[in-house]
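Notes follow the structure.
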Amino acid sequence: MSGTPPQPGGAQGGPYHERQRLELCALHALNNLLQRPCFTQEAADEICKRLAPDARLNPHRSLLGTGNYDVNVIMAALQSLGLAAVWWDKRRSLERLVLGQIVGFILNVPSHVSLGFVALPLRRKHWLAVRQLGGTYYNLDSKLRAPARIGGEPELRAFLRDFLAQGLCEVFLVVPRAVEEAGAWLSPE
């Protein structure tokens, strides 16, 4: 887990894409964003222990040991790679994003709960990644069978706008630490 973001691409030349397993969507979002299997469940559990060393019941993950990691785990994982997660203030215009300074996006979105083919009347939060690869933005959601092409910059902004319009969605920009410190991910008004 060293300093620079990896070069994108999976084994078959397409985007690297992990599929949903247990409640590990935060790990899948990180690995899909980074375009390699960088973090494991064991590594995330270790981050949880560092974040709450004296806690009997760790507040940063599921009590069942199935994942369900919170944003603090994602932020600590990214920091270990010299990256930062910047919370996007929904009151700002998406036109102010300086996309060339942003590695990708991690979104926390409402998601339906199902048991097999039966949809339950419950909603939980789900982490997903969006990243540009070869000039095209992709939705790298682990619940998808394969990455979904979003398109260019205008389509990305429309995609983000649609998610933010759902209300209970949070968007985090993933940027190099120097970009975060300089605020270079946001254009002036």
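Numbering starts at 1 and runs along the chain as displayed.
Cβ atoms here come from the backbone N, Cα and C positions, even for glycine.
Automatic prediction, not curation, is the source of TrEMBL annotations.
Per TrEMBL, domain 'Josephin' is recorded for 12-189. According to TrEMBL, the active site annotation covers Cys25, His126, Asp141.
Within the same chain, residues at least six positions away from Asp141 (active site) with a Cβ under 8 Å of its Cβ are His126, Leu128, Ala129, Ala148. By a simple count of nearby Cβ atoms, those within 10 Å, the most crowded of the active-site residues Cys25, His126 is Cys25.
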